[in-house]
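Colleague: Pasting the relevant annotations from TrEMBL:
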type: DOMAIN; residues: 4-317; note: domain 'Adenosine deaminase'
type: BINDING; residues: 9, 11, 189, 270; note: Zn(2+) binding site
type: ACT_SITE; residues: 192; note: active site, proton donor
type: SITE; residues: 213; note: site 'Important for catalytic activity'
type: BINDING; residues: 271; note: substrate binding site
Ligand SMILES: [Zn+2]
C-alpha cells in the first residue's frame, strides 16, 4: 500500500477520464467531436496551457446532472484511495458550470453525494473548496459566491484558478473579504506561471492560508524566507508542471531544493486525467526522477496532513500523522 497522504490540490473537473466522458456524453445525449476513447486520449496529449484549457472546458459539457457530478467524484475517490490518499480537499469551478446553465445546487449537491459518503465507501475523508476563475471578472466571482450561500454547509473554502498571468490576486480582494466574512478558508493559485509578487499579494491582499503551486517563489529569496518563517504550505503538482511546461523536465523540478530550504511543500495531482497521474503517481515520479528517499517522502506525506484543513478534527489529523510515521517503506 502506498504511503498515506492528503491531496490538497485537485480539480474535480480535471479527473474526467475519457471512458467516463464518453459514458456521460451517451447518458446525456451530448455529441463529442472524437471518434472513441482512444481518439480522445490522443487529444489529452495537448502541448500548452491554452489547448489544455480548451479541452478542459469542452469536456465539461458532458456534466449535466447531480448524478454526473456524483459519478465523477466517486471515480476520483476510488482512484485516490488506491494510491494512498486518506483525505482529499477537492476543488471545483462553479462558474464554468453556471455559465452553461448548470446550477450551483446541481454541482455542489451532486459532488456531495460522493464526498459525503466517501469515508464509509473509500476510507477517504473530504473537504470541498470552490474556486473562482481568475480570467473572469470579480463580479462574476462574487455572483458565484452568492449562489453558493445556500450550500455553505458543504463548502470549506475558496480558491482561485485558471489562467494566471494578467490576473493578479488583488483583483479578487473584495470577493475574498466576503468569503472570509462567511467563515470560509482561503487558498489561491499563485506563482505557477505568474511572478513571485503574485504569491506575496495572495498572502497580503487575499489572506490565503495556503498557496497552490507557488513554484516561482524560488526566484525571490526574501519570499522563500518568509514562507519558511510563516510555515505557509505550498501545494506543488510536479507532473502538471512538466505537462504545462512550467519546468522543462521533471529532473529540473526545484522540489528537492525547496525542501532543503525548509519550505512546507506538498505533492498533488492538479488535473490527473490530463497531466499523467494521480497523487501516488506524483509521489512515485518524484521518488524515481528526483531521487527523494524515504524520509523526504515521509516529510511530504506529513506536510500534506499538517497543511490540510483538518483544524476542526484534530483527532483525525493526529491519527493520519501517526499512520505516516508508522509507514514502512519496506
Ligand atoms: Zn490547479
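Numbers run from 1 along the shown chain.
Just so it is clear, glycine is given a Cβ too, placed from its N, Cα and C backbone atoms.
In TrEMBL, annotation is done automatically, which means it is predicted and not curated.
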Colleague: Quick one: of 189, 192, 213, which recorded positions lie within 10 angstroms of the residue listed as 'substrate binding site', measuring between C-alpha atoms? Sequence order, please.
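Modeller: Within 10 Å of the residue listed as 'substrate binding site': none of them.
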Colleague: Based on a Cβ-to-ligand 1 distance below 6 Å, what subset of the recorded positions 192, 213, 270, 271 would you report?
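Modeller: 270, in sequence order.
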Colleague: By Cβ count within 10 Å, point out the most packed of the recorded positions listed: 192, 270, 271.
Modeller: 270
Colleague: Can you give me the Cα-Cα distance between residue 213 (site 'Important for catalytic activity') and residue 189 (Zn(2+) binding site) in Å, rounded to a whole number?
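Modeller: Roughly 6 Å, rounded to the nearest whole number.
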Colleague: Can you tell me the three-state DSSP label for residue 213 (site 'Important for catalytic activity')?
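Modeller: It is in a strand.
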